[in-house]
């Protein structure tokens, strides 16, 4: 049995049972070369539970399942250069067979995001936009990249996670999917969990957290956290968060601008 038939057998419900229309993204599809790498992370923790309970639907597809036997998903770049480029016709065929509409029309009903260096930088705000819908399709590059016509004619936008080189876009897709899905109402269970997380508001970075033992190898937990005084604990956390945020921003400045 091919991997694609397994994905199809899992089925696709446009309205998962525990969600209502208008409550944000309802399905996340990933198209890539190595879907098993994405599956391994998407099936565990709070994201895996959200998928199991129907808060969000997740599917992954390998480009290799959309080429005829003996055919390649990539080819040498026109004009020369290193690496192999994933073919636009392969991506288009995958879209057409999965969604049942012409490949160019998929982005009319879904947010179609390609992973590439020149894309929008992923942050908490962008993840929130994705979480609020519409449904999302993630297209992952690998090898020497994806034919530029995929970005131009099949996608709505591009995403990047930083100025560094990865072996493939699967890691980028995972980062965006995880950051977005956890913002869907009901995924974390306690709505206050999101409010206290790093980046939940402009410039906010969560304070350091501690647990047992209270002392380890001469290193003790800050005494205020053991005091039971909620007002003092809250004040300490706000101060520690501010200090951590400032030190992080300072570290990001060019060396000649650091105080």
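Any Cβ shown, glycine's included, is placed from N, Cα and C.
Those TrEMBL annotations? Automatic predictions, nothing curated.
Here the structure is a predicted model, which means the values were calculated and not measured.
Annotated features, as they stand in TrEMBL:
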| type | residues | note |
| --- | --- | --- |
| DOMAIN | 28-243 | domain 'tRNA methyltransferase TRMD/TRM10-type' |
| BINDING | 141, 161, 162, 163, 164, 165, 166 | S-adenosyl-L-methionine binding site |
| REGION | 237-259 | region 'Disordered' |
| COMPBIAS | 249-259 | compositional bias 'Basic and acidic residues' |
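Taking the features listed in TrEMBL, we show where each one sits on the structure.
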residue	record	DSSP (3 states)
141	S-adenosyl-L-methionine binding site	coil
161	S-adenosyl-L-methionine binding site	coil
166	S-adenosyl-L-methionine binding site	coil
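Fewest Cβ neighbours within 10 Å among the binding-site residues 161, 165, 166: this applies to 165. Most other Cβ atoms within 10 A: among the binding-site residues 141, 162, that distinction falls to 141. Averaged across the domain 'tRNA methyltransferase TRMD/TRM10-type' (28-243), pLDDT in this predicted model comes to 94.
Taken over all pairs of the listed S-adenosyl-L-methionine-binding residues (141, 161, 162, 163, 164, 165, 166), the Cα spread reaches a maximum of 16 Å, rounded to the nearest whole number.
Under a cutoff of 8 A between CB atoms, and with a sequence separation of 6+ in the same chain, the neighbours of residue 163 (S-adenosyl-L-methionine binding site) are 117.
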